[in-house]
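Working notes, structure below.
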Amino acid sequence: MNTIETHVQYSSLMMTTTGEYMTQEDDWERDLLLDPAWEKQQRKTFTAWCNSHLRKAGTQIENIEEDFRNGLKLMLLLEVISGERLPKPDKGKMRFHKIANVNKALDFISSKGVKLISIGAEEIVDGNVKMTLGMIWTIILRFAIQDISVEETSAKEGLLLWCQRKTAPYRNVNVQNFHISWKDGLALCALIHRHRPDLIDYSKLRKDDPVGNLNTAFEVAEKYLDIPKMLDADDIVNTPKPDEKAIMTYVSCFYHAFAGAEQAETAANRICKVLAVNQENEKLMEEYEKLASELLEWIRRTIPWLENRVAEQTMHAMQQKLEDFRDYRRVHKPPKVQEKCQLEINFNTLQTKLRLSNRPAFMPSEGKMVSDIANAWKGLEQVEKGYEEWLLTEIRRLERLDHLAEKFKQKSTLHESWTTGKEELLSQKDYESASLMEIRALMRKHEAFESDLAAHQDRVEQIAAIAQELNELDYYDAATINARCQGICDQWDNLGTLTQKRRESLERVEKLWETIDQLYLEFAKRAAPFNNWMDGAMEDLQDMFIVHSIEEIQSLITAHDQFKATIPEADKERMAIMGIHNEILKIAQTYGIKVVGENPYTVLSPQDISNKWEAVKQLVPMRDQMLQEEVARQQSNERLRRQFAAQANIIGPWIQIKMEEISHVSIDIVGSLEEQMSNLKTYEQNIINYKSNIDTLEGDHQLSQESLIFDNKHTNYTMEHVHVGWEQLLTTIARTINEIENQILTRDAKGISQEQLNEFRASFNHFDRRNGMMDPDDFRACLISMGYDLGEVEFARIMTLVDPNNTGVVTFQAFIDFMTRETAETDTAEQVTASFKILASDKAYITVEELRRELPPEQAEYCIIRMTKYNVGDAPPGALDYISFSSALYGESDL
């Protein structure tokens, strides 16, 4: 590219009326041959100006045409002065990487309304000093001078007018341009003295000492105003016409340092107001966090107690657990229900205040959201329900275990009593020395024993079955049961073995004997089964039972009546057996036979049969009395069921009706908000007064459980259903009252009249088809009916305000918030940031001294405690970051 093509008219860059930058060819030869003195001044000034911004990012440049060649620091400079992010730079070191980075910077400059003519990325990458200085001057004009405005003049003219007005009262100062007017240094000193008279004694300055005046201004500006030294006093004095761009660049720094000083007081007042609101909100947030933590901690402690399902070994211990659970339901849980309701009310009130002050919604600590507390409460109630069901199941199990254990002991005692001496009897060898009659008697006696043994087989199986069921139900003394059952089974097996051996012995010698007494044998054979039947009858008549309804006890009575119907037939059998014995006596008497001793074939005597028969007859009326007593108890339980059901069937529907009435109150327009509030509180008191009916029902429920009544076919309402419905009713009326309170708070804060609120309510109700909520289509129709001209983009914006969680519905509270928010004037994070920037003299940080000087003590200390350290660039120790602090006030970043 030749010299003509590389020519850039940056020296005469001007801003058009539309805010765009263009070039014009006013002095062709001068631009081709840039004055060396001017070039030197521009290098120094532009380098210092660039470093004043780059130091905020922790870097700087040394050679302006070299350090911008790869485009990286050029892009960083534009990001710092614009506050915007540029595209990610290319990291390569090749020429095309550098050109790509510079083009990204030039594209960004062009996007800000600047037309760059003849400035290309290749010239910057090649280190063309004219192009580089022209580009930097373009950046200075756009970002440091363009926004200067004084009385409808802007940019260069505005900056000149500002300088003229500020220096007008000073002697020997006549600012007419940005070159010769500044050579003696008095204009710069006048600017500093006008705004900071404490820094320069203007009366001691002399017009004939331009170098001293300039150096004084440079040193004071650098030391106290944070304006870096961009010019050299000797260069300015020794140059016939100092470079205009260098002077403008340096003077613009004074404008930005001083122009906003008068806004400091206004900014301080704005900050105080914002901080006061924030302090109040933080106090409410802390109270919410404390109450939420305490409630969650109570739930955390209670759930493990309810999850403890370690069963007790005795019925008394389990009943004590049930009593402890009732005490928890009556005494400990109700206050926590009230705390949960109050927590939700406090949260809604806080969110309303935050919306009215244009603050972000309060986000509690992790795990402490209202939804988290509701989930924890739901988990508590689920565990609570499971715990009650487990208690009742365990009580039934222990009741069953006690019954089975007693039954096992009774049957085992009867069996052990029967087996006493049987092993010794079977082990005798009395047949070796017995007579024929005795042998026959022994054989028949043994056959009778075998019959008796077989009859007892069923009892042994019953004992084993009961022991197995006790083990399956985890009986606490199962070891003792198992040991006793094993002993019985082992003994039974041994009896079978001994019986078989004795039979074999008797059969071996039976061939040697012939005589047998048929009558004795017949008596023994019939007496043994009958005796066993009587044993079974006595066992059944003394058998324990457990029932839970009239139907079950009636079934036992029917079985008992069937047994009593068999007694006449059994009495016939008894008479037949006794007839055999009488026949023996008759034969003996008739034939003169002397009967000595007992029947050789059985140990049973007629007296044994008679005595046991009398015992059976005595047990029958005793069994009748036990069954009738149980009938009376079951009838009493049925009365308790009906008594509970009668009240539950009234209270349950009453709660449902009240819930429906409350839902209608929330959407109907009746009177002012205060009247609605008064009516709701009266309604709430009437509901609270109904609590005595719940307590009465709880008493009936307790009587039922004490009577071990676990079901009720007369009602579908359980005490748990009533408790849940009652708690939901109290919570719903409290939430409805809170909604009216928030509407009053919104009305008073936004200056909305009762008629406007009624109009909003009427419009909402007209399009409400979901009982308190509107679909997006209904909401759009509602807004159109109220005069809104909605496009798709505008409606989408409104939906993000009224439905930030994308639930697909618009509540009345969200509708009211939107209608009031549209006309409210509120502070923003940008306004607060701009106010802090004024207090900080346009710095990106603020010092502790500046905060204490500009703000009241309480507000200043509030900021000092919460602002983070500013550690970017050459910031002094103790510098504070007011930008992130301002954003955090409105939820745009974390403090």
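From the backbone N, Cα and C atoms, a Cβ is placed for every residue, glycine too.
Residues or ranges marked as domain 'Calponin-homology (CH)' by TrEMBL: 40-144, 153-259. The annotation coiled coil is assigned in TrEMBL to 274-301, 439-473, 673-700. What TrEMBL lists as domain 'EF-hand' is 755-789, 790-825.
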Tally of residues which DSSP labels helix, strand or coil - the domain 'EF-hand' (755-789): 23 helix, 2 strand, 10 coil
What same-chain residues lie close to the coiled coil (673-700): Cβ under 8 Å, and 6 or more beyond its ends? 330, 640, 643-644, 647-648, 650-651, 654, 658, 661-662, 665, 719, 722, 726, 729-730, 733-734, 736-737, 740-741, 743-744, 747, 754, 757
Six or more residues out from either end of the coiled coil (274-301), which same-chain residues have a Cβ under 8 Å from its Cβ atoms? 336, 339-340, 342-343, 346-347, 349-350, 353-354, 357, 359, 362, 364-365, 367-368, 372-373, 376-377, 379-380, 827, 832, 859, 862-863, 889
Near the domain 'EF-hand' (755-789) in space but 6 or more residues beyond its ends, with Cβ under 8 Å, are 663, 666-669, 673, 743, 747, 795, 798-799, 802-803, 808-812, 815-816, 819
Three-state composition of the domain 'Calponin-homology (CH)' (153-259), taking helix and strand from DSSP: 65 helix, 2 strand, 40 coil
